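Just below is one structure, and these are the notes that go with it.
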Amino acid sequence: MESQQLSQHSPISHGSACASVTSKEVHTNQDPLDVSASKTEECEKASTKANSQQTTTPASSAVPENPHHASPQPASVPPPQNGPYPQQCMMTQNQANPSGWSFYGHPSMIPYTPYQMSPMYFPPGPQSQFPQYPSSVGTPLSTPSPESGNTFTDSSSADSDMTSTKKYVRPPPMLTSPNDFPNWVKTYIKFLQNSNLGGIIPTVNGKPVRQITDDELTFLYNTFQIFAPSQFLPTWVKDILSVDYTDIMKILSKSIEKMQSDTQEANDIVTLANLQYNGSTPADAFETKVTNIIDRLNNNGIHINNKVACQLIMRGLSGEYKFLRYTRHRHLNMTVAELFLDIHAIYEEQQGSRNSKPNYRRNLSDEKNDSRSYTNTTKPKVIARNPQKTNNSKSKTARAHNVSTSNNSPSTDNDSISKSTTEPIQLNNKHDLHLGQELTESTVNHTNHSDDELPGHLLLDSGASRTLIRSAHHIHSASSNPDINVVDAQKRNIPINAIGDLQFHFQDNTKTSIKVLHTPNIAYDLLSLNELAAVDITACFTKNVLERSDGTVLAPIVKYGDFYWVSKKYLLPSNISVPTINNVHTSESTRKYPYPFIHRMLAHANAPTIRYSLKNNTITYFNESDVDWSSAIDYQCPDCLIGKSTKHRHIKGSRLKYQNSYEPFQYLHTDIFGPVHNLPNSAPSYFISFTDETTKFRWVYPLHDRREDSILDVFTTILAFIKNQFQASVLVIQMDRGSEYTNRTLHKFLEKNGITPCYTTTADSRAHGVAERLNRTLLDDCRTQLQCSGLPNHLWFSAIEFSTIVRNSLASPKSKKSARQHAGLAGLDISTLLPFGQPVIVNDHNPNSKIHPRGIPGYALHPSRNSYGYIIYLPSLKKTVDTTNYVILQGKESRLDQFNYDALTFDEDLNRLTASYHSFIASNEIQESNDLNIESDHDFQSDIELHPEQPRNVLSKAVSPTDSTPPSTHTEDSKRVSKTNIRAPREVDPNISESNILPSKKRSSTPQISNIESTGSGGMHKLNVPLLAPMSQSNTHESSHASKSKDFRHSDSYSENETNHTNVPISSTGGTNNKTVPQISDQETEKRIIHRSPSIDASPPENNSSHNIVPIKTPTTVSEQNTEESIIADLPLPDLPPESPTEFPDPFKELPPINSRQTNSSLGGIGDSNAYTTINSKKRSLEDNETEIKVSRDTWNTKNMRSLEPPRSKKRIHLIAAVKAVKSIKPIRTTLRYDEAITYNKDIKEKEKYIEAYHKEVNQLLKMKTWDTDEYYDRKEIDPKRVINSMFIFNKKRDGTHKARFVARGDIQHPDTYDSGMQSNTVHHYALMTSLSLALDNNYYITQLDISSAYLYADIKEELYIRPPPHLGMNDKLIRLKKSLYGLKQSGANWYETIKSYLIKQCGMEEVRGWSCVFKNSQVTICLFVDDMILFSKDLNANKKIITTLKKQYDTKIINLGESDNEIQYDILGLEIKYQRGKYMKLGMENSLTEKIPKLNVPLNPKGRKLSAPGQPGLYIDQDELEIDEDEYKEKVHEMQKLIGLASYVGYKFRFDLLYYINTLAQHILFPSRQVLDMTYELIQFMWDTRDKQLIWHKNKPTEPDNKLVAISDASYGNQPYYKSQIGNIYLLNGKVIGGKSTKASLTCTSTTEAEIHAISESVPLLNNLSYLIQELNKKPIIKGLLTDSRSTISIIKSTNEEKFRNRFFGTKAMRLRDEVSGNNLYVYYIETKKNIADVMTKPLPIKTFKLLTNKWIH
């Protein structure tokens, strides 16, 4: 007998359950399952492999085995336990037959088996015919195919083999459903093969390998009858059996035929879904392959539409073709043919054969329509890979497959192929898509690569040869190993920080370790299966476990998404820190130059060009390996983005048809750029460029004009240069048809020199593309250099020349060389180059005196043409010099202050680069060069003359250190000279002296008032100091330190021994000096400034009356005293305790300094929001500060504690830029999508409620006839811009009801589909508050109504279509809208016009002019907010009459009729209102805040105590730049948006006492420092502690004949950034607070009086509008009043002086106030500061004062 041949173990592959085996019985060519069973589902593979691993029983192990029944697995492999039957039910050959049936003529050796006890066992009946095999045992059961090469034993050995060998044969499962018949047939065929009946199975041509015997046919019939009950057979099988009940062979033949057909279709679908193309194969072959697949599928009934096909193709594009995925997917009607046109075009560009396939070239219009951009700013996408594939690459270089340098994937819209709204379908099995099923977008397997990582797990990767991890927390024995080279799947280098050990502690208490590499530049933590295999650990994906070879289970495997993962809990943590890991390459010899530094050094060229140039040695001094390229792929230079912004790139190869090949320097392109306006006369206004066609060498020459002689001089120079330097003669010069080229003078010159002029033809810009693109490139570089360096614009040509020098030295990927190499010149030595605008110090060899400084600050421009020196710009001398005597000025801060390049400080790199060039400061330099007098060869820049009429930004004069500057400060500043960060000025003023010519980081002028007269006991003193002097660095540091102390209580207090003058050091933007100024009262300041400006600040005489009220106008009908008392009587002003007489201290004694920082936003202002403070000033001292806010910041800081992670790239956020960038608060989404509310909602009860709401909404839509149900439209027939996307949104209302709404995606609606002039109006909050206040005073009934589905009552005029709701199942159809669906741009306006028309025509209402959505008639007032209506009426029947009329047309629900005389509770537009008619009204939001604030994840009551105030005075927001990584920054900004969004909503509803804090913190949403977050937490904490507070209104006295409308105003001078003031106003109607406003002044005020005028002028327009509204709603007379605590402001308003004001802006405001007072019956009165409740709107107050000003109107 032939010996058994057992296969060896194959390597364990990713996803395989065990080793694959091969027996001699398996046929390689004739097996009919080659096209079917070989692609069965994974469960079938697993069961087959598990079956092949079973061992023989001990009784039969010693018996020779039958070669046809060979067990291919060694006995050491345990049998699987996860089959459909228990282990004891596994059948031998005898067990596979019914009881009593003899096998091969031998009696059954097992009369009873557990299998026969199965409930699915079909016992044989008496009529059953069991096969009795012939007695000739030599007849084999199956005949091998000729190709198999198998031989069989003779008859004598066959009998012994059959009786001695028992092979376990797994029976097929029972058929339980007709739909499962295809899968069951496959298992049944496997059963026949394992039973040695493979030869009788029909092949692909429908014929078996051998003839079936009668016994075998009987066996076939009986087993088929047992395992396939007739009730579960499909119809076509029953049809066959009805003709011949024994024709099992025909059933098998038909089944195999269907398998073959399905397999081909499935293979095509899988191939189509996994297309990959990167240009490595011809585009024709790729197109043929794709079109053949699509044609086959279409012919077989599987329709692939154009959009799906294009999406599948685009998903597989990579390399240069990848951009098509982000540009072409937006074209809805794109075809496959159009997509392949783009692919062919790119392929031709790659191959350089632009004329090979002209039929694929697109015209220019196609290019424009495509909006194609070659600039790929997105980051590489992570490739979705089947984790079960094995990487067979044997490259010596370690490869980490599927590793990306970023977690961000390209973002696409809803139609993109990278997203899907349905569950992904894996197209890895042929039965995933059945015959006739259409392949739609939802069928394609999409993966969101930004969300596919399983946190806390390692990804198992069979393709990675090394293990990589991002966190250093688990790395043991870390060490530097720079020799390791790791690349990802795209062959990009991955920088490795360190190598170490990864130690595992598995669940069986065993420990092991493998090598691991540390890098933060990967998307996942990768665990290599190859390295696990090296330590005897394999992955079994059948059991989903990690196990040893002996079967010991170590850890479970989790399948998440497309990948398999292992938990990190089995990793042992190490004690190594992140800085330790990341500092392993800190040695000077191994540290590489950062790419951003090289990028700036080489004129901001792109990374591929720089890298190629270094590789080809066109740039010398260092190699490609000396540069850190890790950030080159994702690096975005802000200066390049600004300076080189463009639409799209040019068309490559567009000029080939216009010229032939020429030798170097024979064919030149030239063009002129200019003019550049607003430049000094000495600076050039034009430049002319020349480019050689062959070498691409460039020349640029400056021009002051475009005269003929100027152009001729340049042509003469360039021709002579080429002839003498390159021994070449120019033959052709290509140029445009400008007059400077077509003039007779130049034409004769060219003709004389034998040069052919080549002019462009009309409308043929492509022919002149070389010169024009060069000019554009140089101008891009110029803008970028000027932007980066900050140099003035008149140095623009120096930037052009610097760019030309660098670009001549960079290699072209096309020509493989640089222009200098083509010209035969040496490469550029980068060590001789400085970044453009690099600050340097130039030696002055001939100073004015011996004690004069020898160094002159300057800025490096470019290497000199005429010497070995460098062209340097000296601002103090206003000229450029050519010198070698300079030293690089170093600074620890980035010079690029406009953009923060992740802390780009290149001083050390620059020192290493220029180490071989010693400066004049070196001690070994004994001779001084006198070449400072050598003027630059650029005469146009030697002596800069500025136009006197040109406007300039004049810098503030530097103050001498002797002016009240402490000596220590000056000394410290002097020591920092070498580290000063000097930046060039944008413009140079000819009047600026040398002492102040150097630029500052921020160019802002400080408001100054000179010659301020100060009155003292000794007489008049004149001070020539700025009003706001800059603070010294030392004082700034002390102030910062003081503001950050743990005790936030202000420690400064006044004593009787201190004077009323304070030296206030105030930080000035960019300033380095400080001054001390006396603190002067408002009245004194205004009184002294009046000598220069007679009318702006005139102070009135002191009024020492008890009320301190100055009436401005006295009406004839009311006495002055009565009007004053009438206005103030009902106001909720605080009751002040009696004060003792004030003892004024000696004016010459100094008050303690108030530490402040002028440039910072603060919650405490400057000296409590005043630059000048005296005892008799309106600003209070801080001695009554009883601040109790002592919440430890440590409590807040524990919120965002992060685990040890590798450092990420930091993002610097500048305070002022962040504050200026805040336009509005981003709304936070509070609704749920369909998948969140229903599909994936795990809360069953809530899900059912949402489903109910969903059906209710659909029924309402149908009831309202929202769309046309008579006709459905094909999507291809409708203009895409008229198709509106739609979606369902769900939310839970405050009353607990669940609501669904079908809305349109108006945010992406095309502008042509709506009228932008239409307005969607809602009632203003002030109108609602006014109506509520009048309702209380007049005993009105308040009725609240709701109109269901209000928008759907409004018809839509435009032709718009939407996709049907999901439940209709018509994805390819469209329906036309008839009603205004929620979400459309025009829906709100349509509804407003509809309801407005109905209320006016049917209800007899009229809209109040100027107040939209406020309607009235003689009895009823209506406030309308979309579908909510609030009705106010003296007679409840009048309200009921309106309701009856509304119900005739609309589905109107009465929320609250308001008929009770007891307290009634309302919920009106978010306000929780308690109203008892004729008594009081309380407005609050307690229930809403109780629900919402805990959801903000803010730690509430960390100390178990309540806060008494929302903020505290004396605390300033630090202006230091914020360094934070990108993810954390976005997270904190999002958190700030949520917190400030809620606070703003509450503040503007009724908590007007919080508006100052809300407004200040809202300006810092984009600056989420720890300090800002702490202050925001305190604000939310205070809101939580006072959530039960209410705005209290009481009914006005019935005897009052008039309505009194009052605005109380206040301003805090200069307490905001850039000296802006905070202004605030509170509005009261009949003593009830109805609104408030706190904001930063739009203009910069120079005095407290100007700030107060600004505040009052801001309140007057709203005051007049409210007055008109009140008169329309209530016919009582109205008295308007303005209250302010500024006497000087009242004096200005009262004055009739017509002289000019000092400031025309505030003069205009003051004159307007005069007109308002004189013409609109407006009364202006003085109010004491301690009673001014508007004070809470402009500054933080001590707790005692805060409570005193607010407790009467909100409590």
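Glycine residues also receive a Cβ, built from the backbone N, Cα and C atoms like all the rest.
Per Swiss-Prot, the feature region 'Disordered' maps to 1-93 (among others).
Residues or ranges marked as region 'Disordered' in Swiss-Prot: 126-174 (among others).
Taken from Swiss-Prot, the feature region 'RNA-binding' covers 299-401.
Annotation source Swiss-Prot lists region 'Disordered' at 352-421 (among others).
As annotated by Swiss-Prot, active site, for protease activity applies to Asp461, with the evidence given as sequence analysis. Following the DSSP three-state reduction, the secondary structure of Asp461 (active site, for protease activity) is strand.
Residues annotated as region 'Integrase-type zinc finger-like' in Swiss-Prot: 583-640. Confidence annotation: the region 'Integrase-type zinc finger-like' (583-640) carries a mean pLDDT of 76 in the model.
Annotated domain 'Integrase catalytic' per Swiss-Prot: 660-835, in sequence order, evidence recorded as sequence analysis.
What Swiss-Prot lists as region 'Disordered' is 956-1087 (among others).
Marked as region 'Disordered' by Swiss-Prot: 1092-1111 (among others).
The region 'Disordered' annotation in Swiss-Prot covers 1130-1187 (among others).
The domain 'Reverse transcriptase Ty1/copia-type' annotation in Swiss-Prot covers 1338-1476.
What Swiss-Prot lists as Mg(2+) 2 binding site is Asp1346, Asp1427, Asp1428. A C-beta separation below 8 Å, combined with a sequence spacing of at least six in one chain, links Asp1428 (Mg(2+) 2 binding site) to Gln1344, Leu1345, Asp1346, Ile1468, Leu1469.
Feature annotation from Swiss-Prot assigns domain 'RNase H Ty1/copia-type' to 1610-1752.
Neighbour counts were taken at the CB atom with a 10 A radius for the binding-site residues Asp1346, Asp1427; the maximum falls on Asp1427. Each residue in Leu1345, Ile1347, Ala1350, Phe1425, Val1426, Met1429, Lys1453, Ile1455 lies on the same chain as Asp1346, Asp1427, Asp1428 and has a C-beta within 8 Å of the C-beta centroid of that Mg(2+) 2 site, without being one of the site residues. Distance between Cα atoms for Asp461 (active site, for protease activity) and Asp1427 (Mg(2+) 2 binding site): 57 Å, as a whole number. Every protein chain shown contributes to the tally, and the Cβ of Asp461 (active site, for protease activity) ends up with 27 other Cβ atoms within 10 Å. DSSP assigns Asp1427 (Mg(2+) 2 binding site) to coil, not to a helix or a strand.
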